[in-house]
Amino acid sequence: LTGVLDDCLCDIESIDDFNTFKIFPKIQKLQERDYFRYYKVNLKRPCPFWADDGHCSIKDCHVEPCPESKIPVGIKAGSSNKYSKAANHSKEFEDCEQANKLGAVNSTLSNQSKEAFIDWARYDDSQDHFCELDDERSPDAQYVDLLLNPERYTGYKGPSAWRVWNSIYEENCFKPRSVYRPLNPLAPSRGGLEFAGLFSSTGLCLEKRVFYKLISGLHASINLHLCANYLLEETWGKPRWGPNVKEFTRRFDPIETKGEGPRRLKNLYFLYLIELRALSKVAPYFERSVVDLYTGNGHEDAESKALLLEIFRDTKSFHMHFDEKSMFAGDKKGAKSLKEEFRLHFKNISRIMDCVGCDKCRLWGKLQTQGLGTALKILFSEKEIQNLPENSPSKGFQLTRQEIVALVNAFGRLSTSIKELQNFKVLLQQTR
């Protein structure tokens with residue numbers, strides 16, 4: 001897998017080097033920080049499209065929620081008043097209470113003024129969301145420690161997994177209407193969210209090609225994680241996890257996949273570029289002093305923010321970024337209509353993640369989908385980000401803690417995928 005990617009002026013070798021030597025070690029370190037390791041998710045939301053009939057073949061499907069006592073005090077919603085100075089005044093306290101009822105507390109901001117609190121409550125950015133967001137106030141929403149629930153092979157397969165991806169590609173992914181290659185739910189399956197019969201993206205405008213590649217790249221990344229963290233054997237109750245070269249070959253080898261495997265992996269690189277671009281664009285949001293990665297531990301929070309800003313500096317130094325200005329650049333009315341279609345398609349895909357029958361697959365599917373949705377939101381909000389006020393939250397662009405955690409972890413997964421791909425190249429050479 002070499003050479004220049006389609007629809008951008010970037011080559012695979014440059015991404016490999018940049019990821020290996022600059023990004024991967026730092027993003028791994030950042031994901032271990034308290035602010036980024038706890039993700040609140042509702043795994044009990046019913047599938048809005050069909051009756052859930054999924055099952056897993058091994059016990060590792062289960063997700064272990066995190067006890068409340070383990071969650072850092074600054075992350076727990078409503079557990080402490082992060083605007084204690086404002087709460088000293090009764091009027092401001094009432095405003096805070098009102099904002100609290102509206103679900104306005106945002107953990108990315110620490111001890112700031114009432115103005116920050118109320119601005120948040122008034123700002124309704126539902127029109128900017130590319131994802132269906134979980135209601136964090138739902139009794140079914142629970143914190144999950146991502147480090148204790150790693151993404152790996154689960155044995156989730158069969159008609160349920162087939163239906164999820166088939167629905168994503170057939171109903172929500174732009175493609176030439178004349179092409180239809182349905183998945184076969186009866187085909188031999190070895191676990192995980194199986195590959196769809198993918199479609200050629202030729203003949204589509206840039207925006208629709210990009211959309212297709214993002215979904216295909218996400219799919220490739222998820223499958224790479226399953227191959228790299230596979231249940232190799234389980235003896236005396238002690239599972240051994242590691243890379244499965246045979247499984248990797250089955251999913252990505254040109255002969256085994258009728259030429260589709262390398263294209264899937266190229267789409268993974270393309271997705272990496274898109275999310276990398278979003279990180280470089282959102283840097284001004286976090287560079288403001290008003291934004292803290294607030295957990296309640298001041299020393300750790302400062303270190304986490306410093307590391308995040310260091311990663312942003314690295315992303316800006318990359319010299320082959322995808323140019324998102326080439327998208328939606330036609331006539332104003334047509335561009336707006338296409339962007340809205342783009343957003344609604346992606347939002348629907350995020351809803352389909354509630355139909356995944358395996359809890360661990362659902363957790364990571366929802367997180368990575370939300371991370372990509374957040375990246376898209378950033379890319380289409382450049383003007384709003386450039387006009388951010390330094391000392392108070394903007395009314396035009398906001399990120400919730402959930403979006404921030406999803407954005408960083410989703411990109412961390414892509415960074416891991418590209419690193420694992422290098423590992424598989426070495427393993428394949430050794431087996432020849």
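Glycine too: its Cβ is placed from the backbone N, Cα and C atoms.
The annotation disulfide bond is assigned in TrEMBL to Cys56-Cys61 (among others).
Per TrEMBL, the feature disulfide bond maps to Cys96-Cys131 (among others).
TrEMBL lists Arg152, Thr154, Trp165, Ser216, His219, Arg251 with the feature FAD binding site.
Under the heading active site, nucleophile, TrEMBL lists Cys358. Cys358 (active site, nucleophile): 27 other CB atoms within 10 A of its CB, across all protein chains.
Annotation comment: TrEMBL describes Cys358-Cys361 (among others) as disulfide bond.
Marked as active site by TrEMBL: Cys361. When Cβ atoms from all protein chains are considered, those within 10 Å of Cys361 (disulfide bond) total 27, not counting its own.
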Provide, as an integer number of angstrom, the distance between the C-alpha atoms of Ser216 (FAD binding site) and Cys361 (disulfide bond). 17
Just counting, how many other CB atoms are there within 10 A of the CB of Arg251 (FAD binding site)? 23
So Arg152 (FAD binding site), by the Cβ count within 10 Å over all chains shown, scores 19
Residues Arg152, Thr154, Trp165, Ser216, His219, Arg251 binding FAD per the record - widest CA separation, whole Å: 21
Minimum Cα separation from Arg251 (FAD binding site), reported as the residue among recorded positions Cys61, Cys358, Cys361 that achieves it: Cys361
